[in-house]
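Only one structure is covered here, and it is reproduced in the block below.
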């Protein structure tokens, strides 16, 4: 594919078709990868695939200790300073707590991939408890997220952040394609995108009937999965009862400040991380005529979040490895990434653009997908922004 077409010609065509063009941004190759998943796995040290129950729990304990310390400080001392000082202290708490709890969320996500330990019942128990605390239906999301990993990059079957073709873009989108509209759209997405996805499948794969992660009879799930969806809902009800009890005992304002705002920060980070992993001018999407699992799994972007890479357990800068080997523990992912990069070559995608710049750029440039005009690969779709 693209034999005889230079990289410069491809980039020039990219700019002409209304997508982001920059000298250091190169589209992912469209040729069939010259390696197999087995060859990638052989390049990675075998111990990277070993899961340690003790080590995995150590990350849970470490994160929760920091979280409870922050909670204790806020609950014990923040009502005592004069009002101006409290106005500074609370936002600091919200940001720090939100970052730490995002790390806890990532570990719960790892449980859903059976990457936490060698025992599925341990993974599911830990994942159910942790995700329920974030009001996330554990098994419901586990199953839909598993299908995302099975169909990454497929316009027909992927489960989340599925881009629209130009013909399916909402009529009002072009009126939001300006700085104020973009800020409004981004703000709404970061604030409400995650709960809207869980409750109403917003930005998810289209289904023939109403799709909801809380509904055991949702078309997302098969008959054999429905019992576990009920269990997920029970976990949400238990968490809701605990939160209600705290509100009755301490007051709604206390609950919002201690739990509600940090949860919004967590949700915002989840949307940001997922959006930037799968949205980039260099990443293609495929219809059924071109999609293959390995091509789709490689169509993800590693990013650099600075110190937050460690806080988020490297889900940010090792996402390519995660899509190739989702049951690999996060504490081996950096080593695995370094080992497989020589094999992947140009198929490995990394962008070190600062996150705040990247999310604004992607929101501006990646509005819909369409094939290149005149390109032989009609089933390959690239992001564009010209209406």
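Each residue, glycine too, has its Cβ placed from N, Cα and C.
Taken from TrEMBL, the feature domain 'Fatty acid desaturase N-terminal' covers 12-69.
The feature transmembrane segment is assigned by TrEMBL to 59-78 (among others). Only residues 6 or more beyond the boundaries of the transmembrane segment (59-78), in the same chain, are considered here, and those with a CB under 8 A from a CB of the stretch are 86, 89-90, 93, 96-97, 100-101, 103-104, 107, 126, 130, 254, 257-258, 313, 330-331.
According to TrEMBL, the domain 'Fatty acid desaturase' annotation covers 89-348.
With a threshold of 8 Å between CB atoms, the same-chain residues lying at least 6 positions outside the transmembrane segment (90-109) that come near it are 56, 59-60, 63-64, 66-67, 70-71, 73-74, 78, 116, 126-127, 130-131, 134, 136, 138, 145, 257, 261-266, 268-270, 308, 311-313, 315, 330. Taken from TrEMBL, the feature transmembrane segment applies to 90-109 (among others).
Counting only same-chain residues 6+ beyond the ends of the transmembrane segment (183-200), those with a CB under 8 A from a CB of the stretch are 135-137, 140-141, 160, 176, 211-214, 264, 267-268, 270-272, 275, 359-360, 363. Under the heading transmembrane segment, TrEMBL lists 183-200 (among others).
Same-chain residues lying 6+ beyond the ends of the transmembrane segment (227-246) with a Cβ under 8 Å from its Cβ atoms: 128-129, 131-133, 135, 137-141, 143, 214-216, 218, 221, 254-255, 258-259. Residues or ranges marked as transmembrane segment in TrEMBL: 227-246 (among others).
The list of residues near the transmembrane segment (252-276) in space but at least 6 beyond its ends in sequence, with Cβ under 8 angstroms from a Cβ of it, reads 71, 74-75, 78, 90, 93-95, 97-99, 101-102, 105, 134-135, 160-161, 189-191, 193-195, 243, 246, 301, 303, 312, 315-316, 355, 358-359, 362. What TrEMBL records for 252-276 (among others) is transmembrane segment.
Mean pLDDT for the domain 'Fatty acid desaturase' (89-348) in the predicted structure: 96.
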